[in-house]
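Colleague: Okay, these came from Swiss-Prot:
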| type | residues | note |
| --- | --- | --- |
| ACT_SITE | 381 | active site, nucleophile |
| ACT_SITE | 507 | active site |
| ACT_SITE | 509 | active site |
| BINDING | 13, 188, 189, 190, 191, 192, 193, 224 | UTP binding site |
| BINDING | 13, 148, 149, 150, 188, 189, 190, 191, 192, 193, 224 | CTP binding site |
| BINDING | 14, 15, 16, 17, 18, 19, 71 | ATP binding site |
| BINDING | 54, 354, 382, 383, 384, 385, 405, 462 | L-glutamine binding site |
| BINDING | 71, 141 | Mg(2+) binding site |
| DOMAIN | 292-532 | domain 'Glutamine amidotransferase type-1' |
| REGION | 1-267 | region 'Amidoligase domain' |
């Protein structure tokens, strides 16, 4: 029988529900239990694929091509599992499915309502994930904050699941904030009490309360929370700001959170063996070197827009015993005139993925600087496309060369639409998405990084390198070092006469893990260290 854990949040959003859920998942997996995890998002968008990164942070792509919430990245990195489209559920998806069923006549003329039709569809998404994975435990994080109008159907659905499967098979975790009032020198539990009161008014009694705090939580304060929220003091778990996120599972284990969970769910399992994880955290806290990477993008004011890229850089740094210092460089402020001054202190330059024409020339200026000055360069998706545009302009001398996405009327469309994309009208869910194979050319930097000639990586793009320019590029020194297995699509390019200049069409950041860094990131950071 699958057991169900639901993680809710109160007081404020962005409180760390995702990290809590992922960390608990890691502990339970290390106790020998099979775990899957999903995120419920109350927004009406079908997925975050067309949302601005300023609204929602990065869009995380799964193997099967789902465009999902960035929390799925935390889940995959912490638990080391590959999730799928059933791991992210939105109000938009649920309402679309219910309306489709109504139009088909599935409800036999009945009045379609939030209860039971929307709540039943939500419950089915939980039970479907359990059936598909046959996991011992499924953890479901509910996005938003208790009290939000949008969250009410989700909370009602998870309340009903307790009756559907039995109280011994369901556990509720509520994460809240204990603010520190600096002027008074006090921490306040009242917001937590009110948040739990709101949750209980909806029929959900939390079994565990995780309190986010800057300061240590005293036993007296835990006793007070336990008294007013009707749980044991041992079930109040402190979650303080950590030097590294990867210490959170160890902090939860120290407070016996996994023991409490298993006791509630009437499960027996051996203690979690966390030696490898402890070694990872020790390594992260004791890095002996530093390397500075210039990340050039247009969304740098919200670093969550590049969350997986930043994490993949850090993973690579751990492998090299190096702390990664990221210079968040706004590409809108980069010009040919100031690029040398902006880049003077960086050891490597990375241009990540993106869409649209804003701040493109700043990225191209950064790429030219990296190429000319032999600074290690790593381009991802748009960063690969612009590397070929820069090369076409400044090495091949093709004046006005550009991407058809940015300049549809360009004479030299170095980057153009995939043929199968030309008649597509909808933006959402129509990109080339998910895991695809790539064949790597022997004797290249890409092969040296991977140590093999066939890899699989996750993609998210609509435009592709135009093969009409391939021969010219290669003759001038830009090597096509990986393609799709049929040779049709260019996947990786690199420069022959450069210490390390590699750019890929796919998104390698999505498969990086803290204890298993992605190969191109690892070699890029190594090259940046050699450039110090």
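Sequential numbering from 1, following the chain as shown.
The backbone N, Cα and C atoms fix where each Cβ goes, and this holds for glycine too.
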Colleague: By Cβ count within 10 Å, point out the most packed of the binding-site residues listed: 17, 224, 462.
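Modeller: When each Cβ's neighbours within 10 Å are tallied, 17 tops the list.
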Colleague: Let me check the 10 A CB neighbour count of residue 149 (CTP binding site). How many other CB atoms are there?
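Modeller: Its Cβ shell of radius 10 Å holds 8 other Cβ atoms.
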Colleague: Got a sec? Which of these binding-site residues, 14, 189, 192, 385, has the most Cβ atoms within 10 Å?
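Modeller: Checking each of 14, 189, 192, 385, the winner is 385.
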Colleague: If you measure from the C-alpha of residue 17 (ATP binding site), which of the binding-site residues 54, 141, 191, 193, 382 fall inside 10 Å?
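Modeller: Final answer, ordered: 141.
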Colleague: On a C-alpha basis, identify the one among 189, 354, 385 that is nearest to residue 509 (active site); the candidates are the binding-site residues.
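Modeller: It is 354, whose Cα lies nearest.
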Colleague: Within the chain of residue 16 (ATP binding site), which residues six or more apart in sequence place their C-beta under 8 angstroms from its C-beta?
Modeller: 175, 212, 239
Colleague: Sort out for me which one of 191, 354, 383 has the most neighbouring CB atoms within 10 A, since those are the binding-site residues we care about.
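Modeller: Top count of Cβ atoms within 10 Å goes to 383.
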Colleague: List the Cα distance (Å, whole number) between residue 192 (UTP binding site) and residue 15 (ATP binding site).
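Modeller: Between the alpha carbons of residue 192 (UTP binding site) and residue 15 (ATP binding site) there are 12 Å.
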Colleague: Do you know the mean pLDDT across the region 'Amidoligase domain' (1-267)?
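Modeller: Overall, the region 'Amidoligase domain' (1-267) comes to a mean pLDDT of 94.
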Colleague: Rounded to a whole number, what is the top Cα to Cα distance in Å among the residues the record ties to CTP, namely 13, 148, 149, 150, 188, 189, 190, 191, 192, 193, 224?
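Modeller: Of all Cα pairs among the recorded CTP binders, the widest measures 31 Å.
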Colleague: Whole-number Å distance between the CA of residue 384 (L-glutamine binding site) and the CA of residue 191 (UTP binding site)?
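Modeller: Per the Cα atoms, residue 384 (L-glutamine binding site) and residue 191 (UTP binding site) stand 48 Å apart.
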Colleague: Going by C-alpha positions, which of the binding-site residues (15, 18, 189, 224) is nearest residue 462 (L-glutamine binding site)?
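Modeller: Comparing Cα positions, the candidate nearest residue 462 (L-glutamine binding site) turns out to be 18.
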Colleague: Any idea what the Cα distance is from residue 71 (ATP binding site) over to residue 141 (Mg(2+) binding site), rounded to a whole Å?
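Modeller: Given the Cα positions, residue 71 (ATP binding site) is 9 Å from residue 141 (Mg(2+) binding site).
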Colleague: Fewest other CB within 10 angstroms, which one of the recorded positions 188, 190, 507?
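Modeller: Fewest other Cβ atoms within 10 Å, among the recorded positions 188, 190, 507, is found for 190.
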